[in-house]
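Structure first, then comments.
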């Protein structure tokens, strides 16, 4: 089971109301390579992956939910004081029609989150390679968003998240090597 | 949503202390998941876990429960729904 803790993994500060950047950040909320996709992808793959890497998928999947909460906090803080006109100018007019200021799991273009964003092949190497690719894509997305804002407070938390993608990718690569070594060992007999 | 709670500077300081400890613990956890035989990392993990427990206890004494389902104590009346929530600070 999971137990909620009333704290963010890393402090999230924003220096101004900025619905324009909030719109881009929605990509990391409900987009294909976003944090919701990441959490659900890894936690779902756990059941059929070899025991040696279950712990890693479990823990990275759990950390992704902490990242999802950080992204939600950013979007909430960037939009909470925005006027309807500002939402409209930022390209969030349709979002406002449907959701007001509520958050919703879509990508930056408003496409709803779908399970088709993620995969579970049952083949451990194929699944881990997908996980590595997902981390690299998320890292790239964070970089593009960092480039799209001049808010240094926001950039600080985004850089933290970007670095977490780097570590997750590294650990998944190690998991691949662990499984390869195990496979070689079995061949000896 | 309506939470305009103000917290003192000490809240941020104690929270950051906890976040720092937890960052090291998350890092050590993922590292140990792929390096289970690293004794030094394991010792560091256990030592920081103890420090973390104490830091969380100090925070909770002042600002109320961090966790639910019996992992934190509550004073009367039930403190869990007290603001601020993490996205409000």
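Cβ atoms are placed via backbone N, Cα and C, with glycine included.
What TrEMBL says about a protein is an automatic prediction, not a curated fact.
As written in TrEMBL, here are the features:
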- A:35, A:64, A:67, A:135, A:168: Mn(2+) binding site (BINDING)
- A:59: Ca(2+) binding site (BINDING)
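Annotated features, which come from TrEMBL, shown on the structure.
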residue: A:35; record: Mn(2+) binding site; Cβ within 10 Å: 23
residue: A:59; record: Ca(2+) binding site; Cβ within 10 Å: 18
residue: A:64; record: Mn(2+) binding site; Cβ within 10 Å: 24
residue: A:67; record: Mn(2+) binding site; Cβ within 10 Å: 25
residue: A:135; record: Mn(2+) binding site; Cβ within 10 Å: 23
residue: A:168; record: Mn(2+) binding site; Cβ within 10 Å: 26
Determine, to the nearest whole angstrom, how far the Cα atom of the residue listed as 'Ca(2+) binding site' is from the Cα atom of residue A:168 (Mn(2+) binding site). 10
Taking A:59, A:64, A:67 as the binding-site residues, those within reach of chain B by Cβ under 8 Å are A:59
Those same-chain residues, other than A:35, A:64, A:67, A:135, A:168, found with Cβ within 8 Å of the centroid of the Mn(2+)-site Cβ atoms are A:38, A:39, A:60, A:63, A:138, A:161, A:164, A:165
